[in-house]
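Per Swiss-Prot, active site, proton acceptor is recorded for LYS35, TYR268. Sequence annotations record features per position, and here Swiss-Prot assigns substrate binding site to ARG143, MET316. The N6-(pyridoxal phosphate)lysine annotation in Swiss-Prot covers LYS35.
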Amino acid sequence: MKPFPRAEISRYALQSNLAQLRLIAPNSKIMAVVKANGYGHGLLNVAECVGLLNYVESVCKYHGGADGFGLARLEEALQLREGGVKGKLLLLEGFFRQSDLPTLVSHNIDTVVHHESQLQMLETIALDKPVTVWIKIDTGMHRIGFSLEQFNSIYQRLLACPQVAKPIHLMTHFACADEPDNPLTQTQMNAFEQQVSGLEGDRTLANSAGTLFWPTSQADWVRPGIALYGVSPVVGDRGVNHRLIPAMELVSNLIAVREHKAGDSVGYGASWTAKKDTRLGVVAIGYGDGYPRNAPEGTPVWINGRRVPIVGRVSMDMLTVDLGADAQDNVGDSVQLWGKALAVEEVAEHIGTIAYELVTKLTPRVVVELLD
């Protein structure tokens with residue numbers, strides 16, 4: 001028997017999703033965003049499946065592998081280099097310390113520059129060769145990036161800095177692209193174009209939502225994150241609506257099946273009481289594995305071809321489901337918490353969160369297994 005709980009990662013789904021994103025953005029290069037351990041799918045798993053690993057070069061060419069990878073931390077980028085990735089890597093938050101800069105140079109890692117402190121570090125260091133920079137413009141997200149008023153002076157300082165490779169690349173990030181009717185995205189696109197018109201360098205604006213819903217934002221590069229994993233970035237939408245395939249199936253097993261009498265409660269706090277005689281199943285997964293404790297009663301799981309509801313509170317190692325009075329389920333039967341049969345987007349909606357949070361919060365107790 002395979003270990004459980006486990007996250008089964010589909011190589012085919014990842015490669016199919018990349019191919020579909022190429023059809024959606026045919027004139028753009030793809031920077032696959034693999035931060036947070038490949039959105040919980042395993043950093044090197046994703047890298048192997050969608051391109052750039054030296055030992056799967058022929059496979060990546062056949063499938064049209066990603067043109068680069070976007071990451072949040074230098075440690076993630078170094079893990080990819082150590083794993084054999086040779087292509088473009090970009091630190092989406094940039095570097096945090098001046099001492100990081102020689103490492104960026106020696107490992108050929110691009111960096112975002114979004115703050116005055118980073119520029120000062122570049123201006124006061126001597127490097128063996130210049131570092132490739134993407135200047136981030138704050139067009140409306142108001143999180144990181146140079147304001148529209150700052151941009152010209154910052155850009156000129158970067159041009160004058162010998163530690164910065166030329167041309168300088170240009171980027172912004174959307175605040176509301178996952179709301180297809182929100183006019184802010186078009187406002188951000190207009191502001192970005194006004195700032196960068198006539199400048200050299202590659203441009204990137206589109207995250208997953210931009211790529212799927214705002215085709216005029218696709219530019220030189222798109223940066224799909226959650227879409228690469230077969231999940232829609234838009235609440236109420238599903239990845240399958242865009243011909244994307246869920247890449248993760250979170251599965252476990254039934255470890256107990258119990259007769260349960262009407263009027264009996266179950267679990268901590270006795271928060272659920274059976275209205276009629278039924279059979280309960282106990283599933284070996286809980287908040288210690290990253291399944292949310294706040295999943296309400298009625299959140300579905302998938303067992304033997306049907307949905308059954310969670311009842312009672314999710315505990316650290318287990319959760320309980322109402323199998324029904326006539327259930328024929330047995331100890332050892334497989335349980336899918338989300339995946340192809342039960343969209344992670346739907347589970348997230350039941351819990352009151354987003355799919356991003358579910359897939360990235362799995363703990364090390366969950367075995368991540370790459371399948372063909």
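Just so it is clear, glycine is given a Cβ too, placed from its N, Cα and C backbone atoms.
When the Cα atoms are compared, ARG143 (substrate binding site) and LYS35 (active site, proton acceptor) turn out to be 18 Å apart.
The C-beta environment of LYS35 (active site, proton acceptor), restricted to residues of the same chain at least 6 apart in sequence and closer than 8 Å, consists of GLY70, LEU71, ALA72, ARG73, GLU76, LEU92, GLY225. In this structure, the CA atom of TYR268 (active site, proton acceptor) is 11 Å away from the CA atom of MET316 (substrate binding site).
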